[in-house]
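Novice: First the structure, then my questions, so here it is.
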Amino acid sequence: MNVGRTVKVTQAVVDLKFEGELPRIFNALKSKLEYRGKELILEVSQHIGDNIVRCIAMDSTNGVSRNDEFVDTGAPISVPVGRSTLGRIFNVVGEVIDECGPLKGKYDLESIHRVPPSFTEQKIQEEVLVTGIKVIDLLAPYLKGGKIGLFGGAGVGKTVLIMELINNIAKAHKGFSVFAGVGERTREGNDLYHEMITSNVINVNEHEKSQAVLVYGQMNEPPGARARVALTALTMAEYFRDHENQDVLFFVDNIFRFTQAGSEISALLGRMPSAVGYQPTLATDMGAMQERIASTTSGSITSVQAIYVPADDLTDPAPAATFSHLDSTTVLSRQIAEMGIYPAVDPLDSTSQSLSAEIVGEEHYKVTSEVKRILQTYKSLQDIIAILGMDELSDEDKITVDRARKIQKFFSQPFHVAEVFTGMPGKFVSLSDTVSSFKGIVEGEYDHLPEAAFYMVGNIDEAIKKAELIKDETKVGAKS
């Protein structure tokens, strides 16, 4: 048994001295004593000479003192994988934390540090993943097996959008989802769990019938947990892909906190900071995780990653490091959120590599191009409208502005997960309905309908019904 003794504790970093063989980098070390009723797990990060290893703690180091003993497990942190993990909540070291008893059934243990699939194993799929959210399916469609980034500042709706995506995709595609809560609010993690129970994504009585696994390392936890929890969740997703031949959905909320935790650890390990105080290994850390999110001949992992943008600055090194790995970007705009349009997706900033006639089809591509042209024209006319008003525009421009406003309003959509707050039932809109509805708007088929009819509805038929209701209400108001 290889035992090390504590020589120094600096917040989440612990130095241990080993008399015998040094444990390898990434090996897990277990405490002999219990702290706050449980063992403390450390991960070896550096060999710093004189038989001393520097480790990152996966939980609080409160109570750890000099000469406390830690045992080398001889392997990296290993977590449970397999169908028995479905419907359960785990922490970074693979312990269940949902108070539903120990893990039942068969499961394997896998290391959280794994090698990405080789080039020969990887496979590119060109199939669109329908989300049921109009603005995404039309303007920035997601590819099966792709990497999607949800960019947005604080409070513009990233978490709600992720919750809706989990809900819609679980119901429509019946695939397994793995959710990594990285450094976000504990309340949101709790809300998501109960929302999944309500929508039958998680079955608390028969866990094996569930379709999701939750792995949490929330913002009250030390940086070690926040830096590794995404890898724990990814390991579980990889098992479903490789051994169950599943098309898995991997959600991360929030990838910025993964970078932030790495930055905290880097400072505690004594590394020289890089641009804006981030760790010098930012690109390496990000690449090591992102390269594991891949589609193979066995199955696929489609990842949706919420990315907090500090001070709404997309050039910040943390979001910028993520950009190069993504296939689609969904940018959430504060200006659109202030207009009351939810989801607050910016239609001109959001992009997708799958938006080509070969993948989405000729009609979809043409409708999207026309929608973007109308919105871009409207954007360029806004200064003129602000200074001179609508009356100074040409008749053609007036029609363009009218259609652009209807398109903007029609991008809004009631969400299933927000029914409690909005009082409106959620809508899942099929891709064919989305394309045909927007085609009708850009071709002027619905020019006679009022702008308000397009707000917070599903397909175009609902907008027509809403227009009739508005007309009837106007008549009643006029009579009274």
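The count begins at 1 with the first shown residue.
Cβ atoms are placed via backbone N, Cα and C, with glycine included.
Feature list, courtesy of Swiss-Prot:
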{"type": "BINDING", "residues": "G152, G153, A154, G155, V156, G157, K158, T159", "note": "ATP binding site"}
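Can you tell me where each of these features sits in this structure?
Specialist: Note: T159 (ATP binding site) has non-local neighbours E184, E188, L192, D253, A306, i.e. same-chain residues 6+ apart with C-beta under 8 A of its own C-beta. In three-state terms derived from DSSP, T159 (ATP binding site) belongs to a helical segment.
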Novice: Using the Cβ centroid of G152, G153, A154, G155, V156, G157, K158, T159 as the reference point for the ATP site, which residues of the same chain not in that list have Cβ within 8 Å?
Specialist: Y308, L332, A337
Novice: Could you tell me which of these binding-site residues, G152, G153, G155, G157, has the fewest other Cβ atoms within 10 Å of its Cβ?
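Specialist: Among the binding-site residues G152, G153, G155, G157, the lowest count of other Cβ atoms within 10 Å belongs to G155.
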Novice: Enter the number of other CB atoms within 10 angstroms of the CB of V156 (ATP binding site).
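Specialist: Taking every protein chain into account, the count is 27.
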Novice: So which one is it: of the binding-site residues A154, K158, which has the fewest other Cβ atoms within 10 Å?
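Specialist: Candidates: the binding-site residues A154, K158. Fewest Cβ atoms within 10 Å: A154.
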